[in-house]
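Student: What TrEMBL lists as domain 'Pseudouridine synthase I TruA alpha/beta' is A:7-105, A:144-245. Summarising the annotation, TrEMBL assigns active site, nucleophile to A:Asp53. Annotation source TrEMBL lists substrate binding site at A:Tyr111.
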Number of protein chains: 2
Amino acid sequence: MRNIKIVIEYDGTKYKGWQRLGDSDNTVQHKIETVLSKMAGENIEITASGRTDAGVHATNQVANFRIDAEMPTHKMRSYCYEYLPDDIVVKTVEEVDLNFHARYNAKVKKYVYNICNNKAHNVFNRKYEYHIPQPLNVEKMRKAAGYLIGEHDFQSFTTLKTKKKSTVRNIYTINIVNEDGNVEISIQGNGFMKNMVRLIVGTLVEVGLGERPADGINDILDKKERKYSGHIAPAKGLFLEEVNY
Amino acid sequence: MRNIKIVIEYDGTKYKGWQRLGDSDNTVQHKIETVLSKMAGENIEITASGRTDAGVHATNQVANFRIDAEMPTHKMRSYCYEYLPDDIVVKTVEEVDLNFHARYNAKVKKYVYNICNNKAHNVFNRKYEYHIPQPLNVEKMRKAAGYLIGEHDFQSFTTLKTKKKSTVRNIYTINIVNEDGNVEISIQGNGFMKNMVRLIVGTLVEVGLGERPADGINDILDKKERKYSGHIAPAKGLFLEEVNY
């Protein structure tokens, strides 16, 4: 029995997310498992660092799986490259210690969200960024983001319904860069709940548009109810960029 | 009668080029003319700096048209933005002197060609670059490109069949930059014939792969027959980036 770690890049545009509860085959996980199982001649199940929602992309999603076959890792990589659709690429394949677990061992995750803040959208990036034609006040957005840094109960920033699990997370950094109207928001933290990054972005955008005050963030956190945060920014602008172990 | 100059960005993926001889409506020119004619309530015909082939993109194609309507240019821009499909954007609209002609007055054109020279393609750029997994020797490509600079008869580098028109063109610069396997070839010249940029790129790629010598370019130029140059690089990697007047 071997434990294999893979790093995956995917364009989430046409998928129902990494994994879907239900019977859809149109998920990134299902595509990869089908190819790996055919390659191995055994049923392969993969575990990712976390799910990404429908339409969300990844430049470096991490996953692992157990396999009996003795195939060298570079052959696994080229097999995946040959048989996966062209919107999913397994970038690296590496044999790791048997106790490595892509989800449980993940320490820091980094997401990047792209906004096009020009009057007209860019035709080449239109599937990968959120177009906001009205001018954003990035300084105010940075100020608002400051209130989210650190350990907080992020219940107001998730659509997760469970009352059982902790909704406390730690956000380490939020960087917002504006280059000629290309606004990139990078968020690092120890974990993110369902729609958390997109709700943070949607709320920051409303601050940037002057629809809510930057110092209202504390109040949203205190309320611990999703209805107090902003809109859910579209999936297409979101990328899972890095998972650290 | 007014003369209007427009700058257009388009994703050529699903179009049969800027213009097609024949009866297809699926061209960039036809899409824009339809919207402008509806806007003006008169039949509008536009003239571009030149045609781009099926699948070729543009970041700054230039065109002009005559119009009687007294509509201000910023309203024309927003009308186009509202009614054009999302893979075509009219970026600027400007009233110009009546004798401005987008094709006849074009002095310098710049094309950019993108190559992904990594083992795996990039899933997000896959529709906008030529993937070549074997390592390219960029130094040799630069050396080969050097022989193309200046005024030459480029008959070997076009699929144009006419014997009547001159096939002499002047190429001012060819720059080749390689950043982590993202190879960008920029070509500036006074004019380009059918498939000329893609034949130049295809030939340079063959030099980069060691399939032909860098100093064989003079010989290809001398032969004045298309069959001596290389393959036609795929349309999807090519962008019309700038037209100077």
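Heads up, the Cβ atoms here are built off N, Cα and C, so glycines get one too.
Quantities reported herein were computed from a predicted structural model and do not represent experimental measurements.
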Student: Helix, strand or coil: which one is A:Asp53 (active site, nucleophile) in, per DSSP?
Tutor: coil
Student: Near A:Asp53 (active site, nucleophile), which residues of its chain come within a Cβ-Cβ distance under 8 Å, counting only those 6 or more away in sequence?
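Tutor: Counting only residues 6 or more apart in sequence, the Cβ neighbours of A:Asp53 (active site, nucleophile) under 8 Å are A:Gly17, A:Lys194, A:Asn195, A:Arg198, A:Ala235.
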Student: Please give me the CB contact count at 10 A for A:Tyr111 (substrate binding site), counting all chains in the structure.
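Tutor: Within a 10 Å radius of the Cβ of A:Tyr111 (substrate binding site) lie 23 other Cβ atoms.
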Student: If you average per-residue pLDDT over the domain 'Pseudouridine synthase I TruA alpha/beta' (A:7-105), what number do you get?
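Tutor: The answer is 95, the mean pLDDT of the model over that range.
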Student: Kindly report the helix/strand/coil residue split of the domain 'Pseudouridine synthase I TruA alpha/beta' (A:144-245) according to DSSP, in that order.
Tutor: 35 helix, 31 strand, 36 coil
Student: Which of the three DSSP states, helix, strand or coil, fits A:Tyr111 (substrate binding site)?
Tutor: strand
